[in-house]
Amino acid sequence: MNLLNLFNPLQTAGMEEEFDAIKIGIASPETIRSWSYGEVKKPETINYRTFKPERDGLFCAKIFGPVKDYECLCGKYKRLKFKGVTCEKCGVEVTLSKVRRERMGHIELAAPVAHIWFLKSLPSRLGMVLDMTLRDIERVLYFEAFVVTDPGMTPLQRRQLLTEDDYYNKLDEYGDDFDAKMGAEGIRELLRTLNVAGEIEILRQELESTGSDTKIKKIAKRLKVLEAFHRSGMKLEWMIMDVLPVLPPDLRPLVPLDGGRFATSDLNDLYRRVINRNNRLKRLLELHAPDIIVRNEKRMLQEAVDSLLDNGRRGKAMTGANKRPLKSLADMIKGKGGRFRQNLLGKRVDYSGRSVITVGPYLRLHQCGLPKKMALELFKPFIFHKLEKQGLASTVKAAKKLVEQEVPEVWDILEEVIREHPIMLNRAPTLHRLGIQAFEPILIEGKAIQLHPLVCAAFNADFDGDQMAVHVPLSLEAQMEARTLMLASNNVLSPANGEPIIVPSQDIVLGLYYMTRDRINAKGEGSLFADVKEVHRAYHTKQVELGTKITVRLREWVKNEAGEFEPVVNRYETTVGRALLSEILPKGLPFEYVNKALKKKEISKLINASFRLCGLRDTVIFADHLMYTGFGFAAKGGISIAVDDMEIPKEKAALLAEANAEVKEIEDQYRQGLVTNGERYNKVVDIWGRAGDKIAKAMMDNLSKQKVIDRAGNEVDQESFNSIYMMADSGARGSAAQIKQLSGMRGLMAKPDGSIIETPITSNFREGLTVLQYFIATHGARKGLADTALKTANSGYLTRRLVDVTQDLVVVEDDCGTSDGFVMKAVVQGGDVIEALRDRILGRVTASDVVDPSSGETLVEAGTLLTEKLVDMIDQSGVDEVKVRTPITCKTRHGLCAHCYGRDLARGKLVNAGEAVGVIAAQSIGEPGTQLTMRTFHIGGAASRAAAASQVEAKSNGTARFSSQMRYVANNKGELVVIGRSCEVVIHDDIGRERERHKVPYGAILLVQDGMAIKAGQTLATWDPHTRPMITEHAGMVKFENVEEGVTVAKQTDDVTGLSTLVVIDGKRRSSSASKLLRPTVKLLDENGVEICIPGTSTPVSMAFPVGAVITVREGQEIGKGDVLARIPQASSKTRDITGGLPRVAELFEARVPKDAGMLAEITGTVSFGKETKGKQRLIVTDVDGVAYETLISKEKQILVHDGQVVNRGETIVDGAVDPHDILRLQGIEALARYIVQEVQEVYRLQGVKISDKHIEVIIRQMLRRVNIADAGETGFITGEQVERGDVMAANEKALEEGKEPARYENVLLGITKASLSTDSFISAASFQETTRVLTEAAIMGKQDELRGLKENVIVGRLIPAGTGLTYHRSRHQQWQEVEQETAETQVTDE
């Protein structure tokens, strides 16, 4: 390091200081003066003739330093030998001109001025400290009122406002007994005379005595600010400024343009205004001008300083000559173009270039093709060095010349330099860490970068004109990291789900599929071959075809006990293509993996298996060979598309006719009044949806089979070799949905709002569309395009918020030693096991022993990482649930431990210390978001909606069980009618494991009994999907109450049918105010005309009709249990797609309270209903001890419980979306985590995107990182404040050690934006959002940033404390501790 110091004249001692934290505070006037090198007295900038700075002006050389290196302004002293001399003529110190970037000046203000950030940044800090409203403070500051600063012996109050008239009246009355001031002086006086310590005492006492919640909150806020001031030793009056610092001139440059004009930074304008007004005010004060004039000038000065600090925050923004607002100091640092995001977090780097990408099908996975021109430019310094070293050039200049002339030696040297020097390729947008990968460059001619096709999936690149950037790692360490961590061949698995991301697609898949398909009766069928070489010869001499079925002897390599490979020879029935493919299989991969037609999914499985069985190196080589082979056979196969390949099924006409007939029938029923218009629409849409599916099925059946003659001469079906079918079937391109549009029928289309147009497009693209059909189609297709453009931005913003909330989460230790965890079960939805238990626990660490349910022996001990082998064993033993460790319950303070996180998905083993798991989680969730937004636009607006379900069927054999919430009654026909709201039928297999779980809606008819044995395919329950019934649980005679035509119900006569029905009117729409409160209800009478009561109570049965219900019973009608009283038509369905998805994910992570949230029971107890109020019902839950909890529920909402029902705490009692905050409060962290994980996964699953639960849990951990102090105990916290969980834990441990009372706290769920802003690091929060507010708050609190996260370290320009940087930080920390210890020891010896 000493050598460097010689060459760096600025390197005075102490420039290289190491620091461990950054503290922010309010600068005192003394501090500001100590920074300054002189006072700026004049608004002049530079002399426009000589271009020299004016003295005492904004660019003064005397204050800020010389304009030219080592040269004073008048030119008396020049050169290095006068370094440090101050010229006696012009007063300029002879030194480097770059001091003009760091020397500050100051302006002495003639009157104090309030700092706008402390005044206007909400909540107003000045207002908080003084306990005055913002409006009042502004009136004082801007000279509209006086404030009493010292009431003396008068009855006036301190801080009381007086208008001018009041003030003069009081002056007459009391004379000089009191003091009142105007402007910033008045506020400053109030601040100066406030006794902080005393005020804190008073507030603490008030806190204990007061009972009102709002008051507690208000006092706690004020207390926090005052305590911060008290602790940090900052004075309150520093929020009012006497001195204004002036930014160094080179940071607000003035550049002469040609033509005698100047380009200047807006700050100079703002400073000029301040100086002008300040000087004018000084003169006015010297002249003893009248009060009113001085006041006006002071107000103008205040406004000028406001504009300089934060233009436009108060009043109108100051504008320059061109009418746009001037850019103030605050604007310089905030927003996307501000200092934080533009310059500190987003730097541009040298040694980089970009170019278009093309395919490099002959490359190996770790290589890329780099154009010679680019390489020459990028590796210049290395080439210069080599040229000098070999003596071809004596100076850098000479070397430069040689390179420019491109002499032959230069190319040889370039080859040498480039060898084994990895470069990094990046494609924007970089959505996850695989968006930048390292490759070894291969020099190529031309100007395009060649990219290996298999990494396209990771970069999301295609070759339609995409560009990529190249970066060169310079230092040895950087090259090493690029090679070991970032080389493409080291990134085979995706960090999001642990599956291979190096997976063949498109042509490669098509080639491999074509190669491994079998043909019936191909040339040479049934031949026997001794080995693969023989197959080769036969194929090349055209004795056999690629798809010929043959028998062949193959040698495979199998591991023995010792783990060494041994050859095993087997005979296989296979095809020629598969036998040829067997040659490239790595050792240890069984042939049966390729002995089938390889589709995209199969190939992915193949690569996965290869990675697990044969390791990384072999897999990479294998993937490359797969690619070469695939491309080769895709070329030989000659698969193309012709119009004739789109075969239209013969059954189409019949199916359309059938659908038309059904629609006609529904229309007839509608005319007769048997169905409402809404039901008609729903049924029509369903019919067309089904017809489309049937045609699609007929088409696919037709496409996928073709008739051929086999060897015996019989006609048989074989899988088709239709090009379009092969493309879709192999997964290379296209899907059944797209083929359906080509040769089936286009089907139903959606309007831009998502509702479905009921007339479908019956033609397909091959037949062509009529004008009307074409118009309907464009409707949806254009929406797709518009959506994509709009949604990409949203998705990027979601990723940004996620990264920001998790950026400081790093694995810092091996094991935190907790035994907490979550219990994992398989995810069962509808009839299917959506995610098996094995997939959910793979790569996790067990939190408790896993015990075999049948034998009771321990299968896996606690603390074991679950590998594929162990998971399979658990799966076979029939274990239903496993308790695993999770990031949410990890006890590590700052960061995570490896055991709670589990396996590093991209590497396949336990995660290493230093892995930035937070950022990986954020990227894994954010990256598919962008993909999902683009997915919609490819199908082109075709409606994708499942026909509404009207029944559930069992999918497997077993025993039917009813869930605990199941309630049903038997009606007169003997059918079981469900009357519970959240009922489920669960099916268990013979061992008793849950296999299926089906929701059955209210009003469904059950076709099975509890405990009944059932077969697969048996219907369990049926219901009407389009209406929701209202069912009676008691029998009797109908008696209506408040069912008055024209008041509470309307008689609706259908124009088409002439039939009338009674429909309940919405209370808000009713005419008279009295009728708004009436609720149409139905009561039941027995044969004597007495009201029937609920059994066991004296409450009469009374059921209210909901709004919009169509009443189906008449007054006086006899009804039995389970009969339908009314039908509520369901709204028509819309198409579901990721639009519902992305905002849904954002909503979950932002922890927003849903619009019409449902309600959960606060306590466990019995439900009863109390006295109703206007428009609300009173629901009461009484627990065992008789404590009642009551709540009012608006009548529009659907209550899911009934009188006398027992509910558990946290059970849903009012229908609606669940509020996550309620789940956390009533059911705890595990239930909350399960809810969020499930909901987020559902969105992604709908799109077929796999993300590990782990990543979502990491984010939930960050959302739960703060807690609310419920009772501070004897710790230093304030009751009601929000603090980091780790801080409370630490404080409680300390309190318990000292025998004090620990604090009690409640969990809080914060949305990701809020969590990012409430982080302890103010640098991280300020660079995220609301910069002004964050910095203001931090300055007042005198916050210290410990630089723990990644972001803060990037901003201060250090290695990040993750990955290889973690060791650097740790060693520094250790050294620091050792130094501290030494100093402590020396002090002891000194004493």
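Note that Cβ sites are derived from N, Cα and C of the backbone, with glycine treated the same way.
Of all Cβ atoms in the shown protein chains, 14 besides its own fall within 10 Å of the Cβ of CYS74 (Zn(2+) 1 binding site). Annotation note: CYS74 (Zn(2+) 1 binding site) sits in a coil segment as assigned by DSSP. What Swiss-Prot records for CYS72, CYS74, CYS87, CYS90 is Zn(2+) 1 binding site, and it gives sequence analysis as the kind of evidence.
Non-local contacts of ASP462 (Mg(2+) binding site) by the CB criterion (under 8 A, 6+ apart in sequence, same chain) comprise CYS456. The Mg(2+) binding site annotation in Swiss-Prot covers ASP462, ASP464, ASP466.
The Cβ of CYS890 (Zn(2+) 2 binding site) has CYS816, THR818, LEU896, CYS897, CYS900, TYR901, ARG1261 as same-chain neighbours under 8 Å, each 6 or more residues away in sequence. Taken from Swiss-Prot, the feature Zn(2+) 2 binding site applies to CYS816, CYS890, CYS897, CYS900, supported by sequence analysis.
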* What Cα-Cα separation, expressed in whole Å, is found between CYS74 (Zn(2+) 1 binding site) and ASP466 (Mg(2+) binding site)? -> 56
* Chain-mates of CYS72, CYS74, CYS87, CYS90 with C-beta within 8 Å of site centroid, Zn(2+) 1 -> ALA61, LEU73, GLY75, LYS76, TYR77, GLU88, LYS89, GLY91, VAL92
* Asked: Just counting, how many other CB atoms are there within 10 A of the CB of CYS90 (Zn(2+) 1 binding site)?
  -> 17
* Among the binding-site residues ASP464, ASP466, point out the residue whose Cβ has the most other Cβ atoms within 10 Å, with all shown protein chains included in the count. => ASP466
* To do: Other Cβ atoms within 10 Å is the metric here; tell me which of the binding-site residues CYS72, CYS87, CYS816, CYS897, CYS900 scores highest.
  => CYS900
* C-alpha spacing of CYS87 (Zn(2+) 1 binding site) relative to ASP464 (Mg(2+) binding site), in angstrom -> 65
* Asked: Could you give the Cα-Cα distance between ASP466 (Mg(2+) binding site) and CYS87 (Zn(2+) 1 binding site), in whole Å?
  -> 59
* Asked: Taking the mean position of the Cβ atoms of ASP462, ASP464, ASP466 as the Mg(2+) site, which residues outside that list, in the same chain, have a Cβ no more than 8 Å away, listed in sequence order?
  -> ILE357, ALA461, PHE463, GLY465
* **Additional residues surrounding Zn(2+) 2, by Cβ distance to the CYS816, CYS890, CYS897, CYS900 centre under 8 Å** => GLU813, ASP815, THR818, ARG885, PRO887, THR889, LYS891, THR892, LEU896, ALA898, HIS899, TYR901
* Reduce the DSSP letter at CYS900 (Zn(2+) 2 binding site) to three states and note it down. => helix
